[in-house]
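Following: one structure in structure tokens, then a few remarks.
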Amino acid sequence: MNNKRDHIIEFLYHNYNNIKNQLFPILTFIISFFNAHSKYKPLIFSGFVLVGGVIVVYSFLTWYNKMYSFKEKMIVFSEGVFKKRRNDIPFKNIRSINTSDSLIKRWMGISNLNIEMIGGEKVSFVLSNREIQELKSNIFSGIELKTRGLHSAKFNALEYLLLTTSNIGLFLTSLSIGLWGGGFALDHFAVELGLATEAEKLALEQDTTGMWEKLQQTSWSDVNADVWLGALTFLAVIVVISLLLTSILVYLTYKNFSIKISNKEIEISYGVINKKHFHISHIHIRSIRIIEPLLYRKFGYAQIKADNIGLNDKASRTLFIMPIVKKEKIPLILKDYTPDFTEQIVTMRPDRSTIPIFIFRSVWGVFVTFAALTIITNYAAWGFVLVPLWVIYGYLKWKHSGLHFNDRYITTSFATRLNKTTLITLKKYVESTGVGQSFLSKKTHKADYSFAVYSERLEEVYESDLLDETKKDEFLSYLVMDTS
Amino acid sequence: MKKIEKQSVTIWNLFSLQNAIITFLITGITFFFFEDVQWVRKILVIIVIWALYTFITDLIAHHLTYNNAAYELTDNILYIQNGGFSRHENTIPLNRIQHADIEQSFYSRFFDLYALNIYTAGANHTIEYIKREVADDLRNKITQINTKEMGLHE
């Protein structure tokens, strides 16, 4: 195949992305800071025209210099504007491929082809769907996607609602849209909403002071309860609108969720506007992660994720085997789609006498920090009101902590904020095991068990604290058996 | 079980002393320029107390660390024991080790001692401080056995 460049739409997309993510937020911040009618307006305008011009030129050069060709056994790839980088990627180093698109790209019949390599490096190409199909069969030569099982999950209203609660990223996006919309409504329809008189609106339009000057001029002791109540009501309305918006985004993100399975890989796709598409080889699945956020637990649901040894953290975060599923269905899902894994029961758990230690470990750092801050300012003493949150967190850490190991898997469960996670890892991907004991824990016959797993990160170590020490020796020699 | 060199305690103590001196210098300079600002003074007091606490606990922990530190290399595993107030034992199968290197820090140079760093795909381990010939011997043995047993994850 000859040298290729990304589709020309990618050049426009670069510009759109840079302007949306960098230029636009900085511009709106500066305008709100100095006011749209401030004396600095011509200077701000000129600066942004200049930066916009640089972005367009840089985007063009980025697009123009990114070239690649697909040879018989490798991808030859070069990119860079000021510093050129050439990379030859043998197909055997490719761990997974996935495709994604947007509504516009789908209309044009093109998609992003994302290639993940051993070591977590990722390259993306924007190609026509026909070319991607050809490449998929080349890169995964010998792996025919014969559909052994096809699962299309249709989520009900409660499940979409629960998915909404576990998507902080989408909520923050909705919140920024909500705040922008709220600000727009206040600017343009304050009179119609009964929040200001015509005269006040006119005065506001003619006001040339920016946010910075307003903050400096405000006498906070004169701000009465009505103003605070009004501001809080406004924020509450924005949060409710944002939640509704998040539900819509979640619906569009997870609709059409489907999994296909062949003997060698699983193919997961979901989404309406931005469609995600993952191919994961069974042999590259290191662990299965069963995550139970607090609200999911209350309704008997969980999420199933796969830790793929070729994927970086960012890609792994979006890689669901099932974004929401009834807990009783987990064994069936694992059996159908990840045949190397079965559900594991955590057998080693810290006993009740260790609860105070878990709470102490969780609280002491926060306590010392607030105590130190209180020396600087008395207001910091209010921080102690929040200490019960860390007490609860310490308790949850105890409640969800556990370990289990057998000749095939090592399983650990732990709490991350309000979530419970159960991590089932294949024994062959465990790199080392360890046991720690302090003077006190030795006296009470307790030990902290830890293990490191094969990871794209420099270190990925999991620890289960204050378990019974009786399995200490067995755990330390856990990996010795298969080294002979 | 083999022990590390006794001078390791001195090397660790020198590191802790160096950190304490740097902290006291920075707080001293800050105090000189911002003596009149009350909240800065309070922050500096907290930093000095913290630095003193860390320095004293380090000195105690280093003696315990030396007592706890030991290692053993067999045909298929490397066993490392370390830790100060808590004792940690680690078992690393040799076929999991990706590479090992020998490092000499500024202070360990005074005693002609070295640290052996062992890297797996999920964690790093260190045996510090040992003599050059011991470090070389350990590294060579690890590399030899490791080369024979490649491809574990395939």
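Here, residue 1 is simply the first one shown, and the rest follow in order.
Positions of Cβ are set from backbone N, Cα and C atoms, glycine also.
Caution: TrEMBL annotation is automatic and unverified by curators.
Under the heading transmembrane segment, TrEMBL lists B:12-33 (among others). Within the same chain, residues 40-41, 44, 47-48, 51-52, 54-55, 58-59, 62, 65, 105, 107 sit at least 6 positions outside the transmembrane segment (B:12-33) and bring their C-beta atoms closer than 8 Å to a C-beta of that stretch.
Counting same-chain residues at least six beyond the ends of the transmembrane segment (B:39-56), those with a Cβ under 8 angstroms from any Cβ of the stretch are 16-17, 19-20, 23-24, 27, 30-31. The transmembrane segment feature in TrEMBL is assigned to B:39-56 (among others).
Taken from TrEMBL, the feature domain 'YdbS-like PH' applies to B:66-142. Within the model, the domain 'YdbS-like PH' (B:66-142) carries an average pLDDT of 92.
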